[in-house]
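To start, the structure itself, in structure tokens.
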Amino acid sequence: MAMIGMNIIGLFMVLMLLLISLIILFACKPWRYFSRFRSSSRFSSTFKVGDLQRPLISDDGNLIQGQTSEVTREYDLEGACYQNDGLLHSSLTEGRFYKQRLPSSSPHFSQGESFVLEVISEPSDNALVGQTLKLPAEKGSLAEVQTYDWQNNRNENLQYNLEKDRLINLSPRLVEDQRSWLFLEVIAGPAIGLQHAVNSTSSSKLPVKLGRVSPSDLALKDSEVSGKHAQITWNSTKFKWELVDMGSLNGTLVNSHSISHPDLGSRKWGNPVELASDDIITLGTTTKVYVRISSQNEFQIPFKIGVASDPMAMRRGGRKLPMEDVCHYKWPLPGANKFGLFCVCDGHGGSGAAQSAIKIIPEVLANILSDSLRKEKVLSKRDASDVLRDMFAKTEARLEEHQYEGCTATVLLVWKDNEENFFAQCANLGDSACVIHLGGRYIQMTEDHRVVSLSERKRFQEAGLALRDGETRLFGINLARMLGDKFPKQQDSRFSAEPYISEPLRIDQSSKDVFAVLASDGLWDVVSPKKAVQLVLQMRDKERGRESSAEKIANGLLNEARAMRTKDNTSIIYLDFDTSL
């Protein structure tokens, strides 16, 4: 009985030891070491010797330095603008963020230095232990983990070139120079000679509005032009100027092709059309506008200019007056970049002679000043009398076809010396006049050539051909000096094309309140030079510091002539030498 009890106790002790051993075995899990050994053996079979010798990051500091200096040399351009937006955001949307630090000046890397930090939100299923992750080159990535054979440098040049090309592709792009100058000139119609220039970056002056009523940048006094006819905008996406018809009644053409809405007269806008240099815009049937486009500011005028004109129709008992005035200005003249021309012509017997003269005068003057000797003579002597006299003679010689048509001509020549001071000299035929305000007083730059004027009566008397009592016209013409009128000039020697030429005026840079007013007799018949100057001074004070004040002043003088009930065509050029306003 005792033996049976001892056997039971022994068996119980063995079971307890076995249970304790099992508990220890399960707690320690020794089988996991066998699993790791098998896995490690399998992984190690996929390694190559070259992979064990290849580091995760190149330890050649010169490589990274060379790449950085190359990018700087390619893209550090003076005056260049860069687009930086969007380079980082594209990486974030792909679930990857890359951060790159510039390498130190030392070719060796110190401990703790950070080169590339990579965070990957999408783990690779095929990645093996110790293997370098190769990420595909993606647009917008700022850095990439590299593999580099440091043992024999066999791939150094290839890797360098590939990385350089990749960095160049990923670097910020140079933004194209968006500056573009638009120049418009009316070459046909009642407002012939009117000009306007604008820069694509002058957002406050855009769009350019073409129409008959204010506020139009190109104010066209043509009954066929709608109040708001068309406008020109700068398309910053295409880098192009675009013209759109604003629902005009008589339509808009570009190079004889309509750009208006198909339902003409519906007041619906047309589609935008790209403009190119040398295009011709036709508004209605008579007004034509020449287009020039340049990437450089070749149209900049060193003073402010305002132009205004009105045929003053319905002033004579309800009879419509044809527009025979033409005005024109050009700065600089071709081949004479320090010279500019301002001209008003008033036709009689028709507008043909005036329109011919306004085209011939700038051409002849530019040809004369293209002679370097004559140009230098003007600059050195500060006097252009010979040039102006020659210009009128050559213009008159080219008007042979105008036997019964003539026109006045008032030409203001402005030039700049090497010290940036201006000079102004005027020549005229007829009764269109020019006045300049300088030094607190106004200066008459022209002479009145009407038959009844004192200067002409004196000239007749000196030639022994005095006027008879009560005689105020010759061959029905109230002018004694003009361009054209070839037949009357052949019949009466008192007619002349010899211009009056003023003394040159010097306008220093420091001069203030300097301006000129050129106008046809529609203004001067009802507004004296003194009153015109007073009106300008008042308007200058009111408009001081505002944009387009020159245009407003020109229109202000025109409104004064209208209020004074002028009965003749009126054209005005206002020239302000004080650009600080």
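Note that Cβ sites are derived from N, Cα and C of the backbone, with glycine treated the same way.
Lifted from Swiss-Prot, the feature list:
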TOPO_DOM  1-7  topological domain 'Extracellular'
TRANSMEM  8-28  transmembrane segment
TOPO_DOM  29-581  topological domain 'Cytoplasmic'
DOMAIN    208-259  domain 'FHA'
DOMAIN    304-577  domain 'PPM-type phosphatase'
BINDING   Asp346, Gly347  Mn(2+) 1 binding site
Original post:
What three-state secondary structure does DSSP assign to Asp346 (Mn(2+) 1 binding site)?
Top reply: strand
Original post:
Mean pLDDT, the topological domain 'Cytoplasmic' (29-581)?
Top reply: 78
**OP:** With DSSP as the yardstick, break the domain 'FHA' (208-259) down into helix, strand and coil residue counts.
**Re:** 0 helix, 23 strand, 29 coil
